[in-house]
Each structure stands twice: as structure tokens, then as C-alpha cells.
Amino acid sequence: VAAPIDKEVPPISAMCDHQRLREETFYFFSFFFFTLDGSRWVQSKHRSDYGKFRIGAGRFYGDREKDIGLQTTQDTKYYAISAKFRPFSNEGQTFVVQYTVKYDQHVDCGGAYIKLFHEDLNQEILNEDSQYYIMFGPDICGEHKKVVQVIFNYKDDYFFIKKNITCETDDFTHLYTLIVRPDLTYEVKIDNYVAESGNLEDDWDFLPPKKIIDPDMPKPDYWDERETIEDPMDKKPDDWDQPERIPDPDVQKPNDWDEEMDGEWAPPLIPNPAYRGIWKPRIIKNPNYNGIWVQPEVDNPDYTPDPDLLISFPNSYRGKSGTIFDNFLITNDEQYAEDAGNEMWGATYEREWKRRERQDVVYNKINEKQEPKGKEAKKEKNGKELNVKDEL
């Protein structure tokens, strides 16, 4: 197990007034005051058109100082910034990565995910092709893709989670947590509630399947998959077969009909009232029904369990202008991460809702104002508008 993060970083108790959290349980913790820490966060120089970051709290917030984070500033840009921490191994222990995201404006297409890279990464040339261990976080593209990405690198290949996890899309701060345990179970939490959980082998295609279809066991010839059959005892009545249409017996050949000139006369056809359609025997349950044939499975000779599936696991982002990242945490303690999330995100989320409600009231007041008529009305409007703006 690696040592905790550098000592110059303030302990978490000083960061969030949470005295119960223990310094030795986390490998990386980062939140922001007023400037980017040049020694910790490194902007990639791989491309000149990477989007720029700033420190900001967004259009509304719970606390102007506590809620500032790493904010993107330009639309339709890729972002690449990273912070390095001491390498560690998650062998025999739980791995947790957690952070907060806030979309400060409507997002039509953009990812707010983070990536964990190898310790040898050159931060100056970090780019979208840099190999990573984990990619985790919300990813939005259009109306139909609003998911939480969970991608692992296993033996130099990337594997996407097979389940669909819906991410949050509003403009409030949300907490995203990924937990990977030594027993190969996992949890994805949003706002400290479990959004998805399961087993790594089941929900990612890291390994060949444990079972495969037995190629030496075809369906037996006698196997009957027909649930119902025609009744062999049901016989068609002798008088069943009748023409569908018959000549109209009420129509007679006209007296002036000339067959040499008009051709052979034939009465018009009408529906036959005795016609009962095509005869079909009644349907009964098949007494020999065996069910749907399911090919037996056998152990896959190519399957070999890997108890060290994800042992051994810093960050890049791509997003919409205004997206705010904060409260990054990597730890081996689930309870520690949950407490930290409740202490920081929980208080922020509640304050944001209250502040947002107050702002909406003020904006509604402004929008409801009508154009003034005359000098006196203009003075009155200006006076009231100053008060509204002060309130906002």
C-alpha cells in the first residue's frame, strides 16, 4: 500500500471540518480554493486547441468559496489536465474513486468523466489516446445517450460495462462514486445512492464465458417444440366446400341481349351465403409437447478465472463549457468516501437548491416587469429594478 498523499496538502479534517476521517485511508484528495495549483494540476500541451480551465463556482452555488471547482470554459473542446499522486496497489483491498460534477449550463453533448492513468504518464503530452486504467463518470450525447461510463483496461484492451446506468443531467452538483472490492464485486453510486452493482465478471466481458453451448448435444429427433397442434380427430364436413361467390339468381338475361354482338351472357356474381371459408381443423394442446429446446451448456475449456482481475490501477476531461469538477477522492475505505461525500456534496446540494429557488423568484420578478411609459414610470421602474438586482 502506498503512502498517503503529499504532506503539503491539507488534511481532510481541515478541508471539510470532518474530524472522523482518517488521513491514512486516502491516496489522493483534491479540491480548489482560488487558483490552480501549478505543482499538482498540469495542463497538457499535446494540442494547442485544448480547452482552458478556470476556478469557479458557477452561476449559483451553496457557498461562494467552498463550492468553487475546476471549471471548463469553452464549448466543443477537448480538455486534458492531470494531477499526479503516488502509485499504489489495490491488491487485497477496496478501491474507491469519487468526485463531484456540476453542469453549469445545459449540456447537449459532452463527457464529464475522469481517467486514471499509469504512473509513467507524461502529463505534458496527455491526450485522448493516452492509455488509461479506468474511465468513470457521466457522458451525454443527444437525447438518447445519458449514461455513466465505467470502462476498465484489462490486458491492454478496454471493456465497457454491459449495463446502462443513467446519469444526472440537471445543473446541480452531483456526486459520482465507483467502488471495486477484492471479491470482484462493484458499486456505482450517484449522490451516495447505489445506482448499479454486481460482479465484474458478469458485467464486463473481461474473460471468456464460463459456460458454452455443447456442440456435441444437438436437439433429439423426437423433440417436439409445438405447444399446440391441429386436432387429428377433427374431420371436415362433407358439405363444407362451397364456392365463395355464386351467380345472382334474381338477375335474368335481358331480352335484347345479342350474343353475336354482346358475347355470351353471364349473370353477375354475388357472395355465397353458404360459403364458410377455408376449413381448418380445431387447435388443441400438443400431448407430446416437450418445451423449447435449450442447448445444454458445458464448461468452457478456454475459461480461466482471474482472481486478480483488476489489481493495480492523473485525470483527463472532455466537456461542455461551464462543467465544474471538484472533491476528487481516491481511497480504500467505502465509509470514508461516503462520509466525505455527505460532508461536502450533501451540504452543497442542499444549499444550491435553496439558492436556486431564491434566484428563480428574483428572475421571475424581473421577467414580469412591463415597459414603463413616461418619465415618472421610468423612474419608478428603475428604482424597483435596482432593488431586485440587489436581491439577486
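Cβ from N, Cα, C; glycine included.
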If you look at what TrEMBL says, which of CYS141, CYS167 makes a disulfide link with CYS109?
CYS141
Using DSSP, what's the helix, strand and coil tally for the region 'Disordered' (229-265)?
4 helix, 5 strand, 28 coil
Does CYS141 (disulfide bond) have same-chain partners at least 6 apart in sequence with Cβ under 8 Å from its own Cβ, and which are they?
ASP108, CYS109, GLY110
